[in-house]
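Colleague: Take a look at this one; I'll ask things after.
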Amino acid sequence: MVESQEQGPYYQLNDTKNPDLLRERQSATFDVEELTQFVFGGPNSYFNVNRRRQLTRLAYAHPVHDTHLPIEYLDADDYYSVLIRKSFIAIKEAERYGITDRKLLGWFVSVFTNGRFMFGLHTSMFLHTLETMASDEQQEKFLPLARSFQIIGTYAQTELGHGSNLQRLETEAVFDINTDTFVLNTPTITATKFWPGALGRSTNYVLLMAQLFTPDRNHPAGLQMFFVQIRDLNTHEPLPGVELGEISTRFGHEVGDNGYLRLHNVRIPRNHMLMKLAYVDEQGTFHRLGDPRLLYGTMLATRVNLCAYFSILLARAITIAMRYSAVRRQGQNPNGKETLILDYPLQQEKLVPCIATNYAFFYAFIKLENLRREILDSDTILFELLPELHAVSSGLKAYMSSIGERFSQTCRVACGGHGYLVASGIKGLNNQLDAGCTYEGDNSVLYQQTARYLLKVMQQLDEISEMETESSIKFLYSTTTPPATIINLDDYCRLFECRSQMLLKSMSNRLSESEASTYNKFSKNSIELVHISKAFIETVVLRAFYDGVRKASEHKSFGPVFEQLFHVFAIHTLRNSATDFIRLKLLTADQIYQLETFNLPDMYARLRPNLISLVDAFDFHDNELNSCLGRYDGQVYEALMERARLNPTNRHKVHPVWKSIKQETKSKL
């Protein structure tokens, strides 16, 4: 049934009702659908836009979407009830349509619930961990239950006192040889599992990361993963020894149902430790079976997927802001007419770097996803490349979430006061990107992990003369000289590569000459190490974008547009780190002044006719944007009024409190 659904765009040009927005679309120098298919189309593409359109149409055709008010008008309990109901309906609909592929299923349930699927961790980390870390016997027993949602789980790793520092997690699993069970405890307040999504009210199982002690409390065996039931499957009540609940309200993910979990002498069978990589026998002897590096496979896959997620969030924000800017008029020009705010250079200065960066992000993610597939989806996992995947995914997750958060806020401000409304759709996106700066790894910590890897690479430069495979670090082994002037796009890439290489070499030499301990070396230089990691990641993103631009050059209509976007991303990124390029004598202050003062505004002017079509190419359904300001038809003010009238407080022409006040006042007169 999915295959029979329409694959064409959601909207046509004649769906545009606002005349200003229509003129913008008519001014484009390329066909929007052609660009969409180039970037996001094809069955082998990660985004597979045609299949995504099919799933989206199926999801939004369900009548449940017309049964409740907009989410900002629901109280906490009603909001939770709506999302739980929608999540279960989404599961049933996916089953009815035969959607079994993991990625397609994730898309469908996310669209169905407007990005608020309550069991996202179940379908991602919970299932993925069972598939990669459970033994064949455990998979045969647990996976059918999990895939059919007879059990619903989450991933319980982060604790109240420890997040990124996994080795210091305090939750304990002590083997009891007399009962052939593990005894689970959170022995301190800081051992409390804290933050897992859907733990507060929704899940009945967890995959619990805990310190294993076997054959008794005096013999630590390191971190292991345990399959733990926390609620009764019939009543949904917490089991004995289990304390759990929701944590405080979050800034983002308003109903993520993030929870806490404390365990007091909870017993689970010995065979509920995930046993693909290690197991404990009946005598309590610990046996290692596989490479312990596989423990981190789930986190790596999650960070890669987050990079796609952050790109999509920013794309939604810039779509809303750009469309609104093509509708909103503000300020009077010499002819006595109001000016379209997208015509102001200051508005272009806000938004054009956002869209250029967004296209760069998509290409950087695709390069990262290809690396992940090469390493983790092969018949044999390429362990020798895992450090590179870890370093690049960590750095990209940190860079894309932090830049995305900053640019989404820029989009919010670019929409003026209306942008602050929940109905604008942007503030919610900004909140989600803000949350992304700390979950699944604090960005500062992730940058430092990238730096550690890069410094190890620098130490091996004399041993390896050439990389055997295409790699994100290949440029570190080259002897490329920096260009004296910027003539073509590749010159930007060489500039950034030389900058990254020089910063790394300088730091590597400094650390090798220092007699301090390794810990003190890294601690003292941590600020600079984070900066070096950002410089490396900017180089990776720029080179990935350059590869995309070269492919786009085969298309005469939008090839030049991609080159213009590349110039904007490169110059905007370069000027934010101008000190590096001047200090390292890669560019002069006058050269940078020329780029940012003349070249950059010139690119804005060239891109101006295509700005709306560039965001239209992201191909979002209006329901996905959930924005009064970003509607495809451009009827912004009608939508704002319609949303305002739905506010439940307007059901009273006079609020009851005013009636009582008036009565009190009248009685005194």
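Each residue, glycine too, has its Cβ placed from N, Cα and C.
What TrEMBL says about a protein is an automatic prediction, not a curated fact.
The active site, proton acceptor annotation in TrEMBL covers E440. Annotation comment: TrEMBL describes T158, G197 as FAD binding site. Annotated domain 'Acyl-coenzyme A oxidase N-terminal' per TrEMBL: 31-152, in sequence order. The feature domain 'Acyl-CoA oxidase C-alpha1' is assigned by TrEMBL to 296-455. What TrEMBL records for 489-661 is domain 'Acyl-CoA oxidase C-terminal'.
Can you walk me through where each of these features ends up in the structure?
Modeller: Less than 8 angstroms from the CB of E440 (active site, proton acceptor) sit M299, T302, R303, L306, K397, each of them six or more residues away in the same chain.
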Colleague: Counting only residues 6+ apart in the same chain, whose Cβ is under 8 Å from the Cβ of T158 (FAD binding site)?
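Modeller: Residues satisfying the criterion: K193, F194, W195, P196.
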Colleague: Within the domain 'Acyl-coenzyme A oxidase N-terminal' (31-152), count helix residues (DSSP H, G, I), strand residues (E, B) and coil residues, in that order.
Modeller: 86 helix, 0 strand, 36 coil
